[in-house]
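What follows is a short report on a single structure.
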Amino acid sequence: MTTADECDGTPSADRDASRQLNAASSQAASSHNQALPGQEQRQWSFSGQTLDSEADSPSLYNEKSHHDEVECKVESTPLPKRPSTSSRQTTCVSVAAAPYGDNYCCDLEKPITHGSRPRPRPRARSASTPSPSTTPTHDEDPSANLATATKTVSTDVDGNTYPEGGLRAWLCVLGSFSGLMVALGMMNTIGTYHAYLVTHQLSAVSESALGWIFGIYAFLSFFAGIQIGPIFDACGPRHLIFAGSVLLMTSQLLLGVCTKYWHFFVVFGLIGGLGTSLVFSPSISAIGHFFLLKRGQATGLAAAGGSMGGVIFPLVLQALFPRIGFAWSTRVVGLLDLMLLCLANLFIRSRLPPKPANLKNLLPDFLIFRDPVFALTTAAVFFVEWGLFVPLTYISSYAWEHGATEAFSYQLIAIVNVGSCFGRYLPGLVADRIGRFNTMILTVLLCMASTLALWLPARHSIPLMVLYSLVFGFASGSSISLTPVCVGQLCKVESYGRYYATCYTLVSFGSMTGIPIAGGILQASAGGRGYWGLIVFTGLSWAAATVLFALARGWGVGGGGELFIDP
């Protein structure tokens with residue numbers, strides 16, 4: 001009996017091979033249809049020696065069957081596959097949305113690379129978005145996290161943010177360090193100028209009258225801040241720092257040609273005081289825009305520049321006075337000031353956008369004294385400054401009066417500022433941990449104890465003079481570095497300049513009157529008894545400051561204070 005297969009003349013063995021090849025082709029085509037959902041797929045059939053295609057509807061995606069079947073009897077490159085929704089790596093949005101092109105036919109068309117499986121591109125994440133996988137994949141670059149890592153940013157109770165570091169913040173600290181090295185360096189050198197003038201150009205002037213030159217200088221250094229602070233809030237520090245630099249350079253260069261009392265009063269007291277204020281207030285206030293948790297540390301580091309200037313300038317003047325004279329010695333210091341002020345003008349910046357320059361922002365607001373914590377803090381700082389400038393002004397004269405050499409008398413000012421250099425940084429570092437007001441109370445108490453226990457009985461004892469200079473310098477350094485930090489806890493950051501300037505407006509009257517009062521006490525009695533009264537006056541000032549700081553701390557934490565003070 002003849003079958004249809006036999007009639008067409010095809011041998012039986014060929015027919016069997018044809019059936020097997022056709023079955024394998026259908027199986028491969030079915031696998032491809034499962035691998036590419038949503039696209040026009042091609043079903044392949046065998047007819048003689050020709051492959052014909054016809055469209056077929058897409059099948060459901062099955063990644064496991066595709067991987068198992070296409071692992072392949074035929075060498076080809078697997079197509080990029082969409083990851084399933086349960087995949088731990090997400091696909092980049094632009095890749096997931098793009099359709100696969102028609103040039104991808106089936107897995108039989110391209111060569112395969114054995115042992116590798118295509119992996120979808122990872123999604124780009126912001127630095128704040130955590131990766132869904134804790135283990136980085138092969139095609140993720142771990143070093144990229146270093147460039148996109150978020151900075152530590154702190155936020156206060158009012159919602160103000162602080163970067164707590166970064167290049168711009170630390171350059172601002174460097175600029176403040178340089179500016180304060182000039183401004184406070186000049187302030188910390190008044191003892192050297194006093195000791196020289198009282199024996200040279202102004203030897204015929206009374207101690208009380210001579211004290212008014214340095215009293216007016218200290219007064220303007222702080223009093224002018226009542227307007228400088230609000231201008232800083234409205235316009236930023238750039239113009240203020242530049243104007244202060246011009247005035248300080250003018251004062252330093254003209255100081256060498258002064259011969260009469262009113263010359264020194266105008267050049268050092270008025271011009272120097274205004275220039276110091278224009279540099280001092282913005283240098284301190286700008287740091288508060290960048291730091292909150294580290295504000296004590298950053299402010300102390302910048303304020304240490306003032307102590308560094310108080311070490312360098314007296315030693316320079318003491319070495320140059322007998323060699324090149326008073327005039328050229330002050331010009332050499334002026335050249336050092338010029339280099340430091342250039343750094344201050346370059347790097348001191350504010351972070352917050354300037355406020356509109358209207359009367360509300362430019363005029364001080366004395367209504368803030370209604371806050372009892374701020375009022376008590378301001379009164380405490382008043383007594384601190386009342387007693388602070390007395391040792392700085394008279395320690396050299398005291399040593400000279402009690403038998404020390406002229407060179408050693410000048411060097412005592414440098415020794416005070418060596419202690420102050422550490423005292424401005426280390427208490428700020430400690431204050432960030434145990435509390436700013438707590439640290440302020442301890443350092444003011446140490447000032448009082450050292451004044452009454454070391455300076456009062458020192459007389460002709462050189463070791464006691466040196467020990468007092470170091471201890472007092474260390475303890476008094478916090479009066480510059482911690483006062484801005486304590487005031488900064490009582491206000492919002494955008495009002496920081498106004499609060500700080502208003503505080504020092506009242507404090508400036510203590511700075512102005514403290515030195516002349518001490519000079520009057522010294523003039524009222526002769527010899528050691530005069531210095532005894534001066535020392536007691538200083539100790540009582542520190543005692544009053546200790547009590548007021550303790551009251552402010554207690555009111556702010558446990559009383560009716562609106563803002564949290566200490567942890």
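Just so you know, glycine gets a Cβ as well, placed from its N, Cα and C.
Pulled from TrEMBL, these are the features on record:
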REGION    1-91  region 'Disordered'
COMPBIAS  19-36  compositional bias 'Low complexity'
COMPBIAS  40-52  compositional bias 'Polar residues'
COMPBIAS  63-74  compositional bias 'Basic and acidic residues'
REGION    111-157  region 'Disordered'
COMPBIAS  125-136  compositional bias 'Low complexity'
COMPBIAS  145-157  compositional bias 'Polar residues'
TRANSMEM  169-190  transmembrane segment
DOMAIN    171-556  domain 'Major facilitator superfamily (MFS) profile'
TRANSMEM  210-232  transmembrane segment
TRANSMEM  239-255  transmembrane segment
TRANSMEM  301-321  transmembrane segment
TRANSMEM  333-352  transmembrane segment
TRANSMEM  373-395  transmembrane segment
TRANSMEM  407-425  transmembrane segment
TRANSMEM  437-456  transmembrane segment
TRANSMEM  462-487  transmembrane segment
TRANSMEM  499-519  transmembrane segment
TRANSMEM  531-552  transmembrane segment
Long-range CB partners for the transmembrane segment (531-552) (under 8 A, at least six residues beyond its ends), listed in sequence order, are 373, 376-377, 379-384, 386-387, 390-391, 394, 398, 401, 437, 440-441, 444-445, 447-448, 451-452, 455-456, 514, 517-518, 521-522, 524-525, 565
Please tell me whether the transmembrane segment (210-232) and the transmembrane segment (407-425) touch - that is, whether there are at least 3 C-beta pairs under 8 Å between them, with each pair 6 or more apart in sequence. no
Whole-number mean pLDDT, the domain 'Major facilitator superfamily (MFS) profile' (171-556), equals 86
Stretch contact, the transmembrane segment (333-352) with the transmembrane segment (499-519), Cβ-Cβ under 8 Å, 3+ pairs: no
Near the transmembrane segment (499-519), which residues from the same chain, at least 6 beyond its ends, have a CB less than 8 A from one of its CBs? 206-208, 210-212, 214-216, 218-223, 225-230, 232, 281, 284-285, 364-366, 368-369, 374, 377-378, 381-390, 393-394, 483-484, 487-488, 490-491, 534, 537-538, 541
Cβ under 8 Å to the transmembrane segment (407-425), counting only same-chain residues 6 or more beyond its ends: which ones? 188-189, 191-192, 195, 297, 300-301, 303-304, 306-311, 314-315, 317-318, 391-392, 395-397, 399-400, 443, 462, 465-466, 469-478, 480-481
Should anything in the same chain at least six residues away from the transmembrane segment (301-321) have a Cβ under 8 Å from its Cβ atoms, list it; otherwise answer none. 173, 176-189, 191-192, 196, 283-284, 287, 328-330, 332-333, 336, 407, 410-411, 413-414, 416-418, 420-425, 428, 473, 477, 480-481
